[in-house]
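Asker: Have a look at the structure that comes next, please.
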Amino acid sequence: MEPVTVYSQYAWLIPVFPLVSFIVLTAFGRGMRSAGMLIGMLGSLAALVLSVLVLLERMTNGDSPEYNYSFDWITIGDFQLNAGYDVTNLSALMLFVVSVVAFLVNLYSAGYLKEDERITVFFGYVALFTFSMLGLVLSDNLLTLYMFWELVGVCSFLLVGFWYTKPEARAAAKKAFIVTRVGDVGLLIAVLLLFWYMPEHDLSFAAIENVFGQTGTIAQGITTLIAILIFVGAAGKSGQFPLHVWLPDAMEGPTPISALIHAATMVAAGVFLVARTYSIFEASQAAMDTVAYVGAFTALFAATIGLVQNDIKRILAYSTVSQLGYMMLALGVGSLSGGIFHLFTHAFFKALLFLGAGSVIHAVHTQNIHEMGGLGRQMKITAWTFGIGALALTGIPPFSGFWSKDAILAVALDKNPFLFAVGILTAFFTALYMARLYFLVFAGKSGAAGKAHESPAVMTIPLVVLAAFAALSGFVELPWAGMGRLGAWLTGEEAAHSGSGLVLVVSTAIGLLGIYLGWLIYVKGAIPRDFISSRAPWLVRLLERKYYIDELYHAVFTVGLRASGRALDAFDTYIVGGAVRLISGAAVWAGRAGTRMQNGQVQTYGLWTVIGLLALILAIAGRRFW
Amino acid sequence: MLPSYLTMAAILFCIGLYGALTKRNAVIVLISVELMLNAVNLNLVAFSKYGVVPSLTGQIFSLFTISVAAAEVAVGIAILIALFRARGTINVDEYDEMRR
């Protein structure tokens, strides 16, 4: 049967739409306001429509071969570098996720940033980001993926530092860029190694899958090395320990950006990268274990920090780090479909939570959850949608997060009970910090922030749409035989469902237990809030300071680098600059001496002429004696 | 004989040069320039008599030089008088318009 590729052929247009909006906004955006917003929204809407068409096409022809188009990009002698795009089921799904969230965030920003002077610049950056992210998803080889990978990093930098008059925002933007660069170096080395070892230097994903799919073509050690290096890059982007430190700080950016880049799309790029090059990981058990353990550790680690933070966006940021850890855990225990499934649901409910948090911040102008309270009565839509998002994140049936988390935990239990235990513990902490957040913000008495009002419709509509996704998107894959449609569609085979009945019950019970405990502490007051901090203040202190990771990095890396920077600066100032100053000083001195000769006295000129003549005579006469 | 004439001319030239470069009075500077000119004349005459190819050309040349120098001194003195009238001084180190 001839595969139907009507829309897939035009998939390259999907990133082009936002690119056009970016160019138009950058070139002519000055002075525009509502027109600029409209251009940004139209670009992302066009991308969304085409993405939906492509997704529908892939869904109806799930097992048809993937569509690939590539052309000769660079030819050097016999060597040829191809570039192109791939429409696979995975990339179609990612296209859909990215363009949905991007469009809703565009819509939301029109309300959230209405008063901002540089709103067209903002929409331009968002359009550029959307372009890069869609391009990253569509890339059919590692090299173009790497280019888009860096582009999304740049956009993240620009948008985190969007309010660049705030010193914290500037510092956060720099930190986000530098820390992710550390990971990117790993990815770059992996790309170079692959280029070296791949037959015919072919970097396309199809070739990688072919080569690593069969054992023995590439040595085991190299395979592990490449996989680990790719994972380093993925860890940088996806905020995995120990490169997670930038993500919470990136919350200095505007909240819609936190929702788009730092919750739903860019941070998921790391997970996407691992999934895209999954054959390399599958070829190396050591790399798989690394991914699984780092993911599990990050999940638990970030969740514990989330328990004690006071900034609403930081709690969500640590939650994002934790959930990304879950996705890595899933990939590491061999469940590609579980990881992608969680990515899919997480994108919706976490974007929803961030946009809800933005709505709250918009209303009360503070980010400290202790200054809020009682907002549930004043902001009904925000409270309801946020509640759905929180339940989805906590993993309470029938919301989406429950199904995806369950898919991960079921595989973890099957493969490695220890990782399963870590996952369950993380789920408990997740429930606890979300309960704390929700009850402190929306329940109880009105806080110090005072009266609030519901956000305008342009902000609540995205919330409602995302809430619908957060509630329902879990039903694409259910843990019963014959119902694992997403997994079957993505990987060609349905995930195993061993022991998932137990997991369903345990994870629900753990989630409910966490919420109940949160309710006891923060609503009923049955357990005093300082129950732990009065007994073990060092523990709370440790969590509040985020395990002193930032301080550790400061002591180990920043201080040393700064010292060597100073030394190099001194070398530059005194040695290099000194030489330059010496030369210029000599020229200036010669000039001064020259002007002293020009004193207007004829007799002095005469004297110099005589001296010159004598020198000439000496030179000519002296030649005899050489 | 030639070396003594040439030595004499060189001494004369050096005295003239010294005067031209050091004296402040413009008249003395002018006279010193004449001294240097005459040292050259002496050379011309000496070479026309004792040179490798003796001829009258050197002596005729020196006669021309003397007459041109006379005219030149007349013009020089005239300029000096004009300068003195304009500036009220004949000190050469006060004639420093070139610097401005």
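Even glycines carry a Cβ here, placed using N, Cα and C.
Unlike curated entries, TrEMBL annotations are predicted automatically.
Residues annotated as domain 'NADH-Ubiquinone oxidoreductase (complex I) chain 5 N-terminal' in TrEMBL: A:73-123. What TrEMBL lists as domain 'NADH:quinone oxidoreductase/Mrp antiporter transmembrane' is A:139-430. Residues annotated as transmembrane segment in TrEMBL: A:6-28, A:35-56, A:90-108, A:120-139, A:176-198, A:257-278, A:290-308, A:315-334, A:340-361, A:381-399, A:419-439, A:602-621 (among others).
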Asker: Please report, as numbers and ranges, the same-chain residues at least 6 past the borders of the transmembrane segment (A:419-439) whose CB is under 8 Å from any CB of it.
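Answerer: Long-range Cβ neighbours of the transmembrane segment (A:419-439): 292-293, 296-297, 299-300, 303-304, 306-307, 312, 315-316, 319, 322, 325-326, 329, 333, 369, 386-387, 390, 393-395, 405, 408-409, 412-413, 506-507, 510-515, 517-519, 521-523.
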Asker: Over the domain 'NADH-Ubiquinone oxidoreductase (complex I) chain 5 N-terminal' (A:73-123), what does the predicted model average in pLDDT?
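Answerer: The predicted confidence over the domain 'NADH-Ubiquinone oxidoreductase (complex I) chain 5 N-terminal' (A:73-123), as a mean pLDDT, is 85.
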Asker: Take the transmembrane segment (A:120-139) and find every residue of the same chain, 6 or more past its ends, with a Cβ under 8 Å from one of its Cβ atoms.
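Answerer: Same-chain contacts beyond the flanks: 11-12, 14-16, 18-19, 21-22, 25-26, 29-30, 32-33, 36-37, 39-40, 43-44, 47, 51, 85-87, 91, 94-95, 98-99, 102, 105-106, 109, 113, 145, 148-149, 151-152, 154-156, 158-159, 162, 254, 256-257, 260-261, 265-266, 269, 272.
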Asker: Tell me if the transmembrane segment (A:90-108) touches the transmembrane segment (A:315-334). I count contact as 3 or more CB pairs below 8 A, with pairs 6 or more residues apart.
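Answerer: As far as Cβ distances go (cut-off 8 Å, pairs 6 or more apart), the transmembrane segment (A:315-334) and the transmembrane segment (A:90-108) do not touch.
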Asker: Taking the transmembrane segment (A:90-108) as the reference, which of A:35-56, A:257-278, A:340-361, A:381-399 gives the largest number of Cβ pairs under 8 angstroms?
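Answerer: The stretch with the most contacts is A:35-56.
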Asker: Same chain only, please: residues at least 6 beyond the ends of the transmembrane segment (A:381-399) with a C-beta under 8 Å from a C-beta of the stretch. Say none if there are none.
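Answerer: Counting only partners 6 or more residues beyond its ends, the transmembrane segment (A:381-399) has Cβ contacts under 8 Å with 319, 323, 345-346, 348-350, 352-353, 356-357, 359-360, 363, 375, 405-406, 427, 430-431, 434-435, 437-438, 441-442, 454-455, 460, 463-464, 466-467, 470-471, 474-475, 504, 507-508, 511-512, 514-515.
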Asker: For the transmembrane segment (A:257-278), find every same-chain residue at least 6 residues outside the stretch whose CB is under 8 Å from a CB in it, and list them.
Answerer: 90, 94, 97-98, 101-102, 105, 108, 126, 129, 133, 136-137, 142, 145, 149, 152, 155-156, 159-160, 162, 187, 205, 208, 227, 230-231, 233-240, 247, 250-251, 291, 313, 316-317, 320, 324, 327-328, 331, 336, 339-340, 343, 346-348, 350-351, 353-355, 358
Asker: Take the domain 'NADH-Ubiquinone oxidoreductase (complex I) chain 5 N-terminal' (A:73-123) and count its residues per DSSP category (helix H/G/I, strand E/B, coil), listing them in that order.
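Answerer: Summed over the domain 'NADH-Ubiquinone oxidoreductase (complex I) chain 5 N-terminal' (A:73-123), the classes give 29 helix, 13 strand, 9 coil.
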